[in-house]
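Lifted from TrEMBL, the feature list:
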TRANSMEM  26-45  transmembrane segment
TRANSMEM  57-76  transmembrane segment
TRANSMEM  96-122  transmembrane segment
TRANSMEM  142-166  transmembrane segment
TRANSMEM  187-206  transmembrane segment
TRANSMEM  212-231  transmembrane segment
Amino acid sequence: MTQTPLADLPTMKDGFRERGAQVTRLEAFVDAAFAFALSLLVISANEVPKNIPELVLAMRGIPAFAGCFLQIALFWHAHVRWSRRYGLDDGRSTLLSLLLVFLVLIYVHPLRLLFGTFFAWMTRGWLPWPITGFQSFAELGTMFMVYAVAFGTMSLVLAALYSYALRQRRELGLSVEEAAQTAAEVASWRWSAAVATLSFVLAMMMPVHPAAWFAALPGMIYFLMNFAWVVRKRAAARARLRFGDEATA
């Protein structure tokens, strides 16, 4: 943890003191690992096009790449924000950060296949299918389950990181509002994991011959993520009451 007095720390745009102003070895390693994961998306792409039709086909793979890029960037930015806000660099933080990197590197290839399949399905095959020869809807359910496990486990790791920072609030000198916003982050990432769990359950329940709406339901359920702001708002309000009482006690 930083030894700089809190009053001397710069304040970020989100209102947090920048306790992690100096980049630690842990943060640098995590940044490099996420960059490597993104490079795997490029390396795993098809070979360099040799003619115009192959070039057009390769360009049609851009939406799937963009989806994977944004998904990985989402988790990377969440870790960057955590590092800047709290500056933690102890054993627990290292273990959780390494676990996040481990999960990202495992799921980078399945994510590309999943996003590619999603965009191909949305465009009725105009965008290329990364996987061919689906034999049953059970295989589609398997793809949804893989994505749910990937998204859910990475969300739980981020929830654990923010939860650990919240438990260290006295050592970090978090203000009541900083603690409230940290609690909101914990609730938000747990909500993400809960939505992924629901998607996993729905995918497991996929019948042999599902209706079209049910076949898409494990994916469409992620629209519940739009309600994360409600979860954040309620968690922050409860935390303000709790930590406000602690401050006045």
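For all residues, glycine too, the Cβ spot is worked out from N, Cα and C.
When the stretches 26-45, 96-122, 142-166, 187-206, 212-231 are ranked by Cβ pairs under 8 Å to the transmembrane segment (57-76), first place goes to 96-122. For the transmembrane segment (142-166), the partner stretch with the most Cβ pairs below 8 Å, chosen from 96-122, 187-206, 212-231, is 187-206. Residues 20, 58, 61, 65, 68-69, 72, 75-76, 79-80, 83, 89, 93-94, 97, 100-101, 104-105, 108-109, 112 of the same chain lie 6 or more positions beyond the ends of the transmembrane segment (26-45) yet place their CB under 8 Å from a CB of it.
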